[in-house]
Amino acid sequence: MKIKHYPGKAVDASLSLEGSSAMGALYEANWLRAANQPAAPATTGTKLSRQSSSAGSSFLIEGISALSKYQMTLENIRQLELQSRDKRIASTIKELSGYRPSALQHHQQQQMHNVWVAEDQDQEHEELEDASEGKEKLASIQEPPAVNHYVLDPTERPRVPRPRQQFSVKPPSLRRSQTMSQPPSYATLRSPPKIKENLSKSSSAYSTFSSAAEDSQDQVVICQQPQRLMAPPPREPPPEPPKRVSKPLSRSQTSVQRYATVRMPNQTTSFSRSVVRSRDSTASQRRLSLEQAIEGLKLEGEKAVRQKSPQISPAASSNGSSKDLNGEGFCIPRPRLIVPVHTYARRRRTGNLKEQSSGGQEEEAEKGKGWKDFYVLSQDRHSSFYINRIGQNYDYDYPINFNIFSPDGRVEVSREGKYLSTLSGAKVLGELAILYNCQRTATITAITECNLWAIERQCFQTIMMRTGLIRQAEYSDFLKSVPIFKDLAEDTLIKISDVLEETHYQRGDYIVRQGARGDTFFIISKGKVRVTIKQQDTQEEKFIRMLGKGDFFGEKALQGDDLRTANIICESADGVSCLVIDRETFNQLISNLDEIKHRYDDEGAMERRKINEEFRDINLTDLRVIATLGVGGFGRVELVQTNGDSSRSFALKQMKKSQIVETRQQQHIMSEKEIMGEANCQFIVKLFKTFKDKKYLYMLMESCLGGELWTILRDKGNFDDSTTRFYTACVVEAFDYLHSRNIIYRDLKPENLLLNERGYVKLVDFGFAKKLQTGRKTWTFCGTPEYVAPEVILNRGHDISADYWSLGVLMFELLTGTPPFTGSDPMRTYNIILKGIDAIEFPRNITRNASNLIKKLCRDNPAERLGYQRGGISEIQKHKWFDGFYWWGLQNCTLEPPIKPAVKSVVDTTNFDDYPPDPEGPPPDDVTGWDKDF
């Protein structure tokens, strides 16, 4: 989608229009006319008579656009010009919140403007009577004559000539965010007279505006420099002059279309001149269609000067929308706010970074979030960036492209009114927009004419998701055709497909040479290869056969036989592409994982039934609140006890239903309840029972009064090797339990690790946990920026391997006190993550074995991460860094923890911060019924 933005200062939330905007001048003129000259409002359309019958009749209905009070469409603006004495305009504009045209501040200095001025009637009649003489005169000033003539409607008010004013070539002083450049789509003259060489005269500017779609005849279209109009004093209408009939010029007087650009000091003013050589009598045959115009743009897009000027077809004009000379839709000038403001603090924000408003619905092909009927500046979010028309919301990433009229397209970056930098050329703006929804960090203002190529977030993510799924399915089908792979499980095939690397060979290249040693296996994905064998007696290569797409070779190398028995030569003229996997990677992935996956199948079933039986009769009214343990995104966590039992306490998590619905987190809440309700692991916080009412959802959970691991890390600065090893081992055990059930956690960080009274760590907050189908991936962008894996950022799909990445990040943070990937804002953090763990300098206090484990966990390729390979998570437990660690004692909770928190009683909350009561009060009721199964 190609979006055209026009230069000018960024518009604030009150929609005060700048003087460099032609539409701003129109608003101002209409506002002043309506306020000073009351008249009866028109309720019917005004018919514009034309000479040509092929053009048809055009009706413009007066009124204000109902789609938004902040802008009027071009057709309505033109109607207001025809019905200039409409009292309702003033009252309508006054209703706009905070709207006051900036020209009401009567500036003493009038901005420079270029308008075509009508000559004396006698001169024009003289010119039209003598066509050949007119042609010579026009040629002398290098300006083509008009072809779009018509008979004036007697019901129309004639234009009142105004005193001509000279303008200086020197433009007024410009601020950094202003420009004097203007694209050729703001104004068109309906009845242009003879054109003088002197362009420094003014007339009743903007009172003769007309759209290309309304003028069905060929026309001279002129690009004017927008100006700030000063309101003329009220005057009596003069008597109507006699009707004037313009004579059409002959074909011999027309010239070929061309563009010209006039450069002035400190500004760029483009004038578009076009005259079509007519070869047919009908207007439809003389005009280029919109499709031809677009095709012409594609062919001529790289040229500095275009050779043809496309016109708009009648079909296009029938839609009621105006088109400019470039074949693009006429757009009312819009704000150019592009980039977001991200609230960033050490208390890291975790969330569904893909779409805060949607709650990250985990469907693999999420639909758009709809649109809201308000102007973009009232919300200033990426998810509601105004692009095409009022009422549509898009999520865009903006690379700047060069403009044919302005090769030096530039934008200005500012924050809170302070200038930061100027960008030009092939720069990218709004990178975060295609990842997730967040507030803008800066203001981007077009200071020259720019062409922007935009991509919508949902479109980008859908393309990435579908491309990944198609590639995965294609690679899996290739593997199933190989005898040594056909009996492997589906998830194993998917793992192998993830590590296949595509390599390319040119015609004549030897992919494999007979007698050479190799450990790689090949699958042909494109092209053909020739198989030959060198005969020992003649040393000549004997042709064996041809192999094509889907065929494979080198399979014996995976089984240990590394001596090549034939030559494989690229035969296709376009080259050959092969999918390659080496023996080491293959052996790491291929194993019998059934024992690991089913280790916990029958464990804890009896204990879960016992818990359900014990808490079956407990009601919400049986609980009394002792203190507040924490405050979350949807509510609070309270320390509670049951009536009549002071020997134990629980954590009651209460979540506001209305806020859950507002942020569309229903699916995540239901998933959290399901996963925690089925879990029975001593390294995961237990869920005992759930409640609900009209306002809240409640989760009665195990209380961990030792506090957050983050609090201890903050106080100590960092942990030593032994302490880090213990807490990492607790997380490994929790991941072992979850991953054996194909559950991905996706929110690991010290803030989500709670210590119980003994000092053992437990995972809490399963809001982003998800149960995956075997061998499948998910595409939701969620988590904490410092812990997000590269495949999540790149939208390639992720699975449990993303948890192993975050485990390596956690190890680094526990050993040093800070995560390895940290930037001043999320985008900088993501860029550091994409550079990889090898670009990170490890402090000296990290031992060699710890560094080795972190780097193996944080591999860029998910399939190469330790824990995701052949031995599963046991490969982590067997790593040298864990040598001598008492895993059996940890699993049975007999191992002494390195830090034992001070907990005096079951209601001791000294390890938690103090929290005030909820200042917002009770939320509104929610009776939609989405939580019936909670």
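Positions of Cβ are set from backbone N, Cα and C atoms, glycine also.
Features reported for this protein in Swiss-Prot:
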ACT_SITE  Asp747  active site, proton acceptor
BINDING   Gly430, Glu431, Leu432, Ala433, Arg440, Thr441  3',5'-cyclic GMP 1 binding site
BINDING   Arg545, Gly554, Glu555, Lys556, Ala557, Arg564, Thr565  3',5'-cyclic GMP 2 binding site
BINDING   Leu629, Gly630, Val631, Gly632, Gly633, Phe634, Gly635, Arg636, Val637, Lys653  ATP binding site
COMPBIAS  121-131  compositional bias 'Acidic residues'
COMPBIAS  175-185  compositional bias 'Polar residues'
COMPBIAS  200-213  compositional bias 'Low complexity'
COMPBIAS  218-227  compositional bias 'Polar residues'
COMPBIAS  249-258  compositional bias 'Polar residues'
COMPBIAS  308-324  compositional bias 'Polar residues'
DOMAIN    623-882  domain 'Protein kinase'
DOMAIN    883-934  domain 'AGC-kinase C-terminal'
REGION    121-287  region 'Disordered'
REGION    301-327  region 'Disordered'
REGION    910-934  region 'Disordered'
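Structure with Swiss-Prot features highlighted.
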residue: Glu431; record: 3',5'-cyclic GMP 1 binding site; DSSP (3 states): helix
residue: Gly554; record: 3',5'-cyclic GMP 2 binding site; DSSP (3 states): coil
residue: Leu629; record: ATP binding site; DSSP (3 states): strand
residue: Gly635; record: ATP binding site; DSSP (3 states): strand
residue: Asp747; record: active site, proton acceptor; DSSP (3 states): coil
TODO: Rank the binding-site residues Gly430, Gly633, Gly635 by the number of other Cβ atoms within 10 Å of each Cβ, and give the residue at the low end.
DONE: Gly633
TODO: To the nearest whole angstrom, state the Cα distance for the pair Val631 (ATP binding site) and Asp747 (active site, proton acceptor).
DONE: 17
Open item on the list: If you count other CB atoms within 10 A of each CB, which of Thr441, Thr565 wins among these binding-site residues?
Closed with: Thr441
TODO: Given the binding-site residues Arg440, Gly554, Glu555, Arg564, Thr565, state which is nearest to Asp747 (active site, proton acceptor) when distance is taken between Cα atoms.
DONE: Arg440
Task: Separation of alpha carbons, Glu431 (3',5'-cyclic GMP 1 binding site) and Arg545 (3',5'-cyclic GMP 2 binding site) (Å) - done: 50
Task: Secondary structure at Arg545 (3',5'-cyclic GMP 2 binding site), reduced by DSSP to three states - done: strand
Open item on the list: If we skip the immediate neighbours and take only residues 6+ beyond the ends of the region 'Disordered' (910-934), which ones have a Cβ under 8 Å from one of its Cβ atoms?
Closed with: 627-631, 636, 656-659, 661, 666, 669-670, 673, 690, 692, 694-697, 705-707, 711, 755, 901-904
Task: Integer Cα-Cα distance in angstrom, Gly430 (3',5'-cyclic GMP 1 binding site) to Val637 (ATP binding site) - done: 36
Open item on the list: Roughly how many Å lie between the Cα atoms of Arg440 (3',5'-cyclic GMP 1 binding site) and Gly633 (ATP binding site), rounded to a whole value?
Closed with: 21
Task: Inter-residue C-alpha distance, Thr565 (3',5'-cyclic GMP 2 binding site) and Glu431 (3',5'-cyclic GMP 1 binding site) (nearest angstrom) - done: 51
Open item on the list: Within its own chain, what residues at least 6 apart in sequence put their Cβ under 8 Å from the Cβ of Lys556 (3',5'-cyclic GMP 2 binding site), listed in sequence order?
Closed with: Thr565
Open item on the list: Can you tell me which of the binding-site residues Arg564, Leu629, Gly633, Gly635, Val637 is spatially closest to Leu432 (3',5'-cyclic GMP 1 binding site)? Compare CA atoms only.
Closed with: Gly633
- [ ] Please average pLDDT over the domain 'Protein kinase' (623-882) for the predicted structure.
- [x] 92
TODO: Would you mind ranking the binding-site residues Leu432, Leu629, Val631, Val637 by how many other Cβ atoms sit within 10 Å of each Cβ and giving me the lowest?
DONE: Val631
TODO: State the count of C-beta atoms found within 10 angstroms of the C-beta of Gly554 (3',5'-cyclic GMP 2 binding site), not counting that atom itself.
DONE: 24
Task: Environment of Leu629, Gly630, Val631, Gly632, Gly633, Phe634, Gly635, Arg636, Val637, Lys653, the listed ATP site - residues of the same chain whose CB lies within 8 A of the CB centroid - done: Gln654, Met655
Task: Listed recorded positions (Glu431, Glu555, Asp747), ranked by Cβ neighbours within 10 Å, top entry - done: Asp747
Task: Other CB atoms, at most 10 A from the CB of Ala433 (3',5'-cyclic GMP 1 binding site) - done: 27
Task: Secondary structure content of the domain 'AGC-kinase C-terminal' (883-934), with strand meaning DSSP E or B - done: 5 helix, 0 strand, 47 coil
